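Here is what TrEMBL says about this protein:
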type: TRANSMEM; residues: 109-128; note: transmembrane segment
type: TRANSMEM; residues: 134-152; note: transmembrane segment
type: TRANSMEM; residues: 173-194; note: transmembrane segment
type: TRANSMEM; residues: 206-223; note: transmembrane segment
type: TRANSMEM; residues: 235-254; note: transmembrane segment
type: TRANSMEM; residues: 274-292; note: transmembrane segment
type: TRANSMEM; residues: 299-320; note: transmembrane segment
type: TRANSMEM; residues: 340-358; note: transmembrane segment
type: TRANSMEM; residues: 378-395; note: transmembrane segment
Amino acid sequence: MVKPNPFIIVESTRFSAFDPSKVKNIVWLKALISCNKFTTAFSNSSSMDSFPRSLNPNKHLREQFVSNLPGSSMLEVSALLNNVALLMLLRHTFCSQTVNDACRSLKSYLASVALDYVFLVLPTLLIFTVLAEWVYICLIGLLLLLVFFTAVKRTYSLPYMEGPNASRASISSYRVVTMFITCLCILAVDFRIYPREYAKTETYGASLMDLGVGSFVLMNAVTSRQARNIKSSMSWWKAAFKSTTPLLLLGFARLASTLSLDYQVHVGEYGVNWNFFFTLAGVSILTSILNVPAEYSGILGSVILVGYQSWLTNGLNVYLLSNERGTDVISRNKEGIFSLFGYWGMYLVGVQVSYYLFFENHTTKQRSKHETRIRICLLTIMFCATWLMLLGWWLKIYSY
C-alpha cells in the first residue's frame, strides 16, 4: 500500500471560508515534517552531501570542485615555498632600513606595509595563480635577483637578522608567512584561477594545501613553552584547559556556523563534525597529559610517527579511506581523530628541533647567531639527504 504524501494532502485541502486556526495547524504540520526530514538526514549522513535537500543549491557542486584531486609533486611544492622564502629575503635585503624604522613613526609603518604588499603579497598571489605554470622560472629569476642585490650592496647578512633578537625575527617571519599562505590558499581554492593540483589531495599525494595543518603544528612547537624549557606552575589539567579552551570555542563556533549556514564541508578531510581547531586542541591535550622534556621529545615523537605509519600500512588506511561510517563519534570523525597521532608526533619532533636550534643550555635566552646558523645548515643538509633517499625509494617502488 502506497503511503500518502502529507504535502499533497495539505496542499489539496480547500476551505470554503478562511479559518485561521486550520491554516495555523497546517503551517505547524509543514514545519514538523521539514524538521523530521532534516534530523533524519543529519543522523544518517555518511557522504559529503550530508543533506539530501540542501538549503544551499550550489553546495554539492562546490564540494565536488575541491574533491578527488591528485595533487602535484613534492618538487613543485618545494619550489613554491622557496619562491616565498626568496621574496622574503628580497624584501629585507632591498628595503632593510624601512624594516628597522617601521616602529618609529606611522609614516614608516605605512611604508613598510606598502612594501610588504609589493614584495610579498602581490608576487605570491601571482605565483600561486596566473604564474603557476612558470613556478620554476620564477624561482630561478628570484634567486638571480637576490644574488644581484646582494652583490650590489656587498653584504651577506640581513640587517634585521643581526642583534640579540635575530632568531625571534626569523621565527616571526616564518609565522607571518605561514598565516599569509594559509589565508591566501583558503580564499583562492574556491576559484578556478587557483590550480587544482595545489588543493588538498583526496587520498594519496602531495600538494601545497596539504602542508597547512602540519605547518601550524610545527609553528606552535617552535614557540611552545616545552621548546623554551619553561616549567608551568599549574597542574597538567589546568594547563590543558587554559591552552585548549580558545581552540575548542573556535571549533564549536565553526561547527555551528557551517551547520546553520549549510556551508559545504569536505567530509573526507576531517570527518562529519571535526575541524582544524579540534585537531590543534587535541594535540595540546595530548602534550599536556604526557609532558616529556624537550631534549627527549623528538625520540618519543619519532616512535609515535613510526608506529602510526606502521598502523596505517597494516590496515588502518583502508578503514580511514572507506566511505562507511557508523553512528558513533569516532566513526563519523575518523579522519580527524586518528590524524591526531601523526600531528602529535610531528609536534614533539618540532619541540626538540626548536630546543636544539635556539634554547639548548639556555632556559629562556636564545643561542648566538653563529651557532644557530651552523645548526640550521646541518639540519637542512640532513633533511635534504633524507628527502632524496625517500624520493629515490618511492620512485624505485612505483616505477615497476
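Note that Cβ sites are derived from N, Cα and C of the backbone, with glycine treated the same way.
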Determine whether the transmembrane segment (173-194) and the transmembrane segment (109-128) share at least three Cβ pairs under 8 Å, counting only pairs 6 or more apart in sequence.
yes
Interface-richest range of 109-128, 134-152, 274-292, 299-320 toward the transmembrane segment (206-223), CB pairs under 8 Å:
274-292
Answer yes if the transmembrane segment (340-358) and the transmembrane segment (274-292) have at least three CB pairs under 8 Å among residue pairs 6 or more apart in sequence, and no otherwise.
yes
Against which stretches of its own chain does the transmembrane segment (134-152) lie, if we need a Cβ under 8 Å and a gap of at least six residues from its ends?
76, 79-80, 82-83, 86-87, 89-90, 93-94, 127
